[in-house]
Amino acid sequence: MRKIMGAKVLFFFALLSFSAVSAFAQDEEDQGLVMNFYKDSCPQAEDIIKEQVKLLYKRHKNTAFSWLRNIFHDCAVQSCDASLLLDSTRRSLSEKETDRSFGLRNFRYIETIKEAVERECPGVVSCADILVLSAREGIVSLGGPYIPLKTGRRDGRRSRADVVEEYLPDHNETISGVLDRFAAMGIDTPGVVALLGAHSVGRTHCVKLVHRLYPEVDSALNPDHVPHMLHKCPDQIPDPKAVQYVRNDRGTPMVLDNNYYRNILDNKGLLIVDHQLAYDKRTRSYVKKMAKSQDYFFKEFSRAITLLSENNPLTGSKGEIRKQCNLANKLH
C-alpha cells in the first residue's frame, strides 16, 4: 500500500513539474513584443540594421522616405507582419502592386539589409522587425527623433492586398475617414496629426494633385504656391510613370520637422487631407501646437509610430521567419 501511495505522490510531483516546464516553455515561446528581443539570439541585429540604413542613405537619400512609408503601409493593414514585402504569385496579388501603394519603391534595399543580418544570424531576425527598425533609423536619418521600439515580430505568409483599401486611407480621403481608420488601431487625434507630419519629407506625384489644379485651381490653395505646382505638374492627365512631382515641403524637403504644420496653416498643403487637417475643428488646435513646438510634434510622432509598430503583430509560434523578405518560405 505504501509503495502504491509513494508511486502516486511521485507521479503527482512529476505531473506538477511537467506542467511547470510546459508553462515556462510556452512563456518563453511567446513573450510577445519586448525591448531587445534578439539580445541572446542575435545581439548585433539592431546595430547591423542601423549601419545598413546609414550606408544606404548615404548612397540613396530617398531610401529614408521609403522606410518611413513602409511602416505605415505594412503595419496599418491588419498586422505588422511584413506582408507588404511579399511578391505577387499566381494565386495572390502583392500589396506592393495595389493602387494604395502607388509610388512605393526601394524594396530591394530591404533585401540588402536582410542579407547582412542573415550573414550574422541565419534564420533568426524577421523581415517584419527589419521593416520596423529600418523605419526607425530612417526617421533618425531625416533629422527626426530616435524612437525605442520593441521587437519579436514574425512574418506573415500571405499578402493582404484584398483588404488594403479597407485599412489604408486614400490620399484624398476626408479627415473623418482618416481619424476613424487610425482610431481602430488605437491612435488618437493628436497621434494622427503627428503621423501626417511625415508629409514634411518626400514628394507627391502629380497624379495625386492634378484634381486640385485642373480644370480650375482649388481656391483653398495659397495663390503664391500655385505657380510652382502648375510648373511641376503641367499636364492635366500626367503619366503615372513619368517623374512629375512636387516636393511636400520646399523649405526643408529632406528634414522631418514641424515646417509641414506651418505650411498647411498657410494653405500650402498639397493633398486635400493636408488642408482639412489644418482647418477641421478636431485637429486644428493640434496642428497649431505642433507648428509652434517641434518637441511636441516629436513627442506625439514617437508615440504614434510606437502604436503603429505594435499593431496586431505575429509573435511566438505564429507566422515564420522568412529566408527572403519577398517570398514566403514555402515558395523559397
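Sequential numbering from 1, following the chain as shown.
Glycine too: its Cβ is placed from the backbone N, Cα and C atoms.
Features as listed in TrEMBL:
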- 1-25: signal peptide (SIGNAL)
- 32-329: domain 'Plant heme peroxidase family profile' (DOMAIN)
- C42-C121: disulfide bond (DISULFID)
- R69: site 'Transition state stabilizer' (SITE)
- H73: active site, proton acceptor (ACT_SITE)
- D74, V77, D81, S83, E95: Ca(2+) 1 binding site (BINDING)
- C75-C80: disulfide bond (DISULFID)
- C127-C325: disulfide bond (DISULFID)
- P169: substrate binding site (BINDING)
- H199: heme b binding site (BINDING)
- C206-C233: disulfide bond (DISULFID)
- D249, T252, D257: Ca(2+) 2 binding site (BINDING)
Model confidence over the domain 'Plant heme peroxidase family profile' (32-329) (mean pLDDT, whole number): 94
Neighbour tally for P169 (substrate binding site), based on other Cβ positions within 10 Å of its Cβ: 21
Top Cα neighbour of R69 (site 'Transition state stabilizer') in the set of recorded positions C127, C233, T252: C127
Output field, Ca(2+) 2 shell: CB within 8 Å of site CB centroid, site D249, T252, D257 dropped: S200, V201, G251, P253, M254, V255, L256, N258, N259, Y260
Rounded Cα-Cα span from C206 (disulfide bond) to T252 (Ca(2+) 2 binding site), Å: 20
Among E95, D257 [binding-site residues], residue with fewest other Cβ within 10 Å: D257
Protein Cβ atoms within 10 Å of C80 (disulfide bond), excluding its own: 25
